[in-house]
Amino acid sequence: MTQYIFITGGVVSSLGKGISAASLGAILEARGLRITMIKLDPYINVDPGTMSPFQHGEVFVTHDGAETDLDLGHYERFVNMRATQFHNCTAGRVYLEVIQRERKGDYLGKTVQVIPHITDTIQQYILRAAQGADIAMVEIGGTVGDIESLPFMEAIRQLGTKLGRRDTMFIHLTLVPFISAAGELKTKPTQHSVKELRSIGIQPDMLICRADREIPEDEKAKISLFTNVPAKAVISGLSVKNIYEIPMLYQKQGVDDLVVKHFGLHVKEANLGDWEKVVDAINHPEHEVTVAMVGKYVNLTDAYKSLNEALYHAGIKNKTKVNIRYVDSEDLYSQGTELLAGVDAIVVPGGFGNRGVNGKLRAVQYAREENIPYLGICLGLQIAVVEFARNVLGIKNACSTEWDEKTDEPIIALVAQWVNERGEVEQRDKKMDLGGTLRLGALPAKLKAGSKIATIYGSEIMNERHRHRYEVNANYEKRLEAAGMRISGRSADNDLVEVIEIPSHRWFIGLQSHPEFTSTPLGGHPLFSAFIAAALDYQTERLS
């Protein structure tokens, strides 16, 4: 039978509930438990797919093609789980489902209300996603007291009552700020946050108190007194240099022991040796490289969260500190390639629309002509193909129909049709809704024998996640290959271009997929490890 941990947050947003939950999940998994993690988001969007990265950060794509919250990326990086569409439940999705049922007459003429119809649907999502796990950890987005989150809070309160206290646990994250003028930590915000939580019927079993310094025992006792949480369950959530230290931080304070005792479990002790090796590799690198990331969302680096982490994971594998130099593509176009001076590799990540495209084209040209390692992801592949067509093939008007619908040289064009992972034919055109109309999820690709990408993967098949609408136009493929660009990967039906390389270049690869979504700190990812290794080789040659 699955047992449930519900994680809520109070005082302020952005306390790191996702990281905290994932870190606890990693410890519990190390104790031999099967863990799954679920995110409940109170916004009305059906999914974050059409939200601006400046509003929401990265859209994390699951194996089955759901566009989800970036916290699911944390879950998959910390815990050995494969998230699905049911592991991220938004208010918009819940309301849409309930309204659709009402229109079909499923409620048999009843008045449809928040309680029980909305709250029951939320609970159904939780129970469905939790199947097969020993412990399901459920993070509720937002802050206690937000009007948007009330249906979700009520849903988990009801579920806790139905399942019983022995099978449910509530963990609340709060902030304990240090007031420099007074020279002390203040516990009052935490007291009031728990009071708000208790007013809706939820008594927390554990508090994780975010602070920039250790919380003294007398302050923990004070928090315990006013919140009805045992002092030993008041945990210091200290800020750390890197997030992969957090499992050890929590284990030292006995967080996992509190969970195991609460649920009455008899399991082995956690061995976090692998996590300790990760932290040691981060803290004691033997080398250092600088990678330029050229994009248009660089002022909010969470827009590239999984890519950032994948590069850091590759650094771990290469015993290398990876410094990411974020370069705004519009600045690059206006100020020139001096912004790329001294970098050891260049990556152009995914994106949509035509803003900043010219700067990305300039970055690709610089990498190609200066023989600097280049990795293009999704849009980064398309940019590389257009740049090659313009400056090598001499097709000066080469463009994407995403940037110019009337272009007479559509090197990149709309994906009109493909077969999805379920074997169903998907069709798209420009008149369709934006939301949920991309080529999404993990899709297999065949790699050309002897290609660099096949060597890196150690296989002639790869299966990475996608999120795009546009593809390389098949009418230009022969000309591209004749000029020196190799199409080294195609979708399993040999239809769509998945990977391109320039064999004459030291390391130049573009992928239509998003391999960053499957990189983990413990396992890394072969593509990014090879990319950072190439950056090291280039640096050695550049400095010699």
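From the backbone N, Cα and C atoms, a Cβ is placed for every residue, glycine too.
Owing to the predicted nature of the structure, the values given are computational and were not obtained by experimental measurement.
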Besides SER14, LEU15, GLY16, LYS17, GLY18, ILE19, which of ASP71, ASP106, ASP120, ASP134 does Swiss-Prot list for that ATP site?
ASP71
Listed in Swiss-Prot for the CTP site shared with ASP146, ILE147, GLU148, LYS186, THR187, LYS188, PRO189, THR190, GLN191, LYS222, one of SER13, SER20, SER23:
SER13
Among ARG439, ARG465, ARG469, which is the one Swiss-Prot gives for the L-glutamine site where GLY351, LEU379, GLY380, LEU381, GLN382, GLU402 also bind?
ARG469
Measuring Cα to Cα, how many angstrom lie between SER13 (CTP binding site) and PRO189 (UTP binding site)?
13
Near ILE19 (ATP binding site), how many other Cβ atoms are within 10 Å of its Cβ?
19
If you measure from the Cα of GLN191 (UTP binding site), which of the recorded positions GLY18, LYS222, CYS378, LEU379, GLU516 is the nearest?
LYS222
List nothing but the largest Cα to Cα distance in Å, as a whole number, among the residues SER13, ASP146, ILE147, GLU148, LYS186, THR187, LYS188, PRO189, THR190, GLN191, LYS222 that the record says bind CTP.
31
Looking at the recorded positions LYS186, LYS188, LYS222, HIS514, which sits with the largest number of other Cβ atoms within 10 Å of its Cβ?
HIS514
Could you check the recorded positions LEU15, ILE147, CYS378, LEU381 and say which one's CB has the fewest neighbouring CB atoms inside 10 Å?
ILE147
Which secondary structure state does DSSP assign to GLU139 (Mg(2+) binding site), in the simple three-class scheme?
strand
